[in-house]
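Asker: Mind having a look at this structure? Questions to follow.
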Amino acid sequence: MKLIKNGKILKNGILKDTEILIDGKRIKQISSKINASSSNIEVIDAKGNLIAPGFVDVHVHLREPGGEHKETIESGTKAAARGGFTTVCPMPNTRPVPDTVEHVRELRQRISETAQVRVLPYAAITKRQAGTELVDFEKLALEGVFAFTDDGVGVQTASMMYAAMKQAVKVKKPIVAHCEDNSLIYGGAMHKGKRSEELGIPGIPNIAESVQIARDVLLAEATGCHYHVCHVSTKESVRVIRDAKKAGIHVTAEVTPHHLLLTENDVPGDDSNYKMNPPLRSNEDREALLEGLLDGTIDCIATDHAPHAKEEKAQPMTKAPFGIVGSETAFPLLYTHFVRRGNWSLQQLVDYFTIKPATIFNLNYGKLHKDSYADLTIIDLNTEKEIKSEDFLSKADNTPFIGEKVYGNPTLTMLKGEVVFEEEK
């Protein structure tokens, strides 16, 4: 057994002194004081820090199979554990794509061999993510895939998305969508606005995202499908999702830390560490995202952790791949910028990473109580640390946040009662 002493948990927004007794994989007792005298008990000193439920990230890219030069299941899940995550859901833009039962089984085998945290894989919506032929939803659902998505690309035709939603309803699984109309991208590498004009870099307009969301929420209404929108980035998208929810359509949405923290004006020049998809938008868009998150239009935060090799990101923005890493920096950045400055409560932030994503996808994770799995993370809210690439457990360090000084760093993460990350002393 394990006993975590000298910790604090959030109860109705208030930090309470807490000890947690763990028996095997599950929590046996949570109390302000636990008297356990057995010599078999391993004591973990939380040192007065927060004990939070293990975080749930419904949007990561682990790159394996096919992209192991960028990231592997092992390195990506080590990075997740360092960031406090105990459950991650990897996107299907791998090679091969998890679009058949055989490919999903091969992926699960890899996961079972090297994953450091719980991994719930998505299956693709269309074969090879080519947008022309649906996967076998029934067989893949029976195989236990988390949900269906073609993330990395948008489903370009309404007829294909309509057919996919009807199949998803039959198997009672969500459709998760990267919303991007290819006919409106115009070869863009950042947001289309004043800053892109100043830099002479082609831009992607807001409507490339929002028109596809508008299309899809109507299809979701017609089919009754649970439709989840990935990485919302524009004010128009927030408005469409808000209106859809008011109309009773089953739509949920996520937002990334970088879209909450940065705008097009933060792009210093031709620096591919500021290139992600969707791109960093205007400050007006960022404010709409913050408002949407706080009023419940946007349901949760997801990292869209997207690692790339150094040589790939060393290219100009017009040639480099989209994406930044985020698993190891998400919570500290948001805690530092929003909670410490009094804009959010600590309870709100923890919920965005735990119970909110778990609830919208009907996952029995993201909470701490008697008999639940001992999935948790201990977080130091008071010590300032600098984000350094040499500290990353990910294979990649493509992020604009290197050098930022942050609070709220996880010091230990536990999955089913086993320590999967512990800060070096």
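Glycine residues also receive a Cβ, built from the backbone N, Cα and C atoms like all the rest.
Note that this is a predicted model, so its numbers are computed, not measured.
For Asp304, the entry in Swiss-Prot reads active site. Annotation comment: Swiss-Prot describes His59, His61, Asp151, Asp304 as Zn(2+) 1 binding site. Per Swiss-Prot, substrate binding site is recorded for His61, Leu62, Arg63, Asn93, Asn277, His308, Phe322, Gly323. Residues or ranges marked as Zn(2+) 2 binding site in Swiss-Prot (evidence: sequence analysis): Asp151, His178, His231.
Please go over these features one by one and say how buried each is and what sits next to it.
Answerer: The Cβ of Asp304 (active site) has His59, Val60, His61, Cys230, His231, Thr256, Met276, Gly323, Gly326 as same-chain neighbours under 8 Å, each 6 or more residues away in sequence. In the three-state DSSP reading, Asp304 (active site) counts as coil.
The secondary structure of His61 (Zn(2+) 1 binding site), as reduced to three states from DSSP, is coil rather than helix or strand.
His231 (Zn(2+) 2 binding site) carries neither a helix nor a strand DSSP state and counts as coil.
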Asker: For the binding-site residues listed here (His61, His231), tell me which residue's CB has the most neighbouring CB atoms inside 10 Å.
Answerer: His61
Asker: Given a separation of at least six residues and a C-beta threshold under 8 Å, show me what packs close to Phe322 (substrate binding site) in the same chain.
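Answerer: Residues satisfying the criterion: Lys275, Met276, Asn277, Ala306.
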Asker: Hey, which of the binding-site residues His59, His178 is the loneliest by Cβ count within 10 Å?
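Answerer: Looking at the binding-site residues His59, His178, the Cβ with the fewest others within 10 Å is that of His178.
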Asker: If you draw a 10 Å sphere around the Cβ of Asn93 (substrate binding site), how many other Cβ atoms fall inside it, taking every protein chain shown into account?
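Answerer: Other Cβ atoms within 10 Å of Asn93 (substrate binding site): 21.
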Asker: I want the residues beyond His59, His61, Asp151, Asp304 whose C-beta is within 8 angstroms of the mean position of the Zn(2+) 1 site's C-beta atoms, in chain order.
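Answerer: Checked against the 8 Å cutoff, the neighbours are Val60, Met91, Gly152, His178, Cys230, His231, Ala302, Thr303, His305, Ala306.
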Asker: In sequence order, what residues of the same chain, 6+ apart, have a Cβ less than 8 Å from the Cβ of Asp151 (Zn(2+) 1 binding site)?
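Answerer: Asp151 (Zn(2+) 1 binding site) has long-range Cβ partners His59, Met91, Pro92, Asn93, Tyr122, Val176, Ala177, His178, Cys230.
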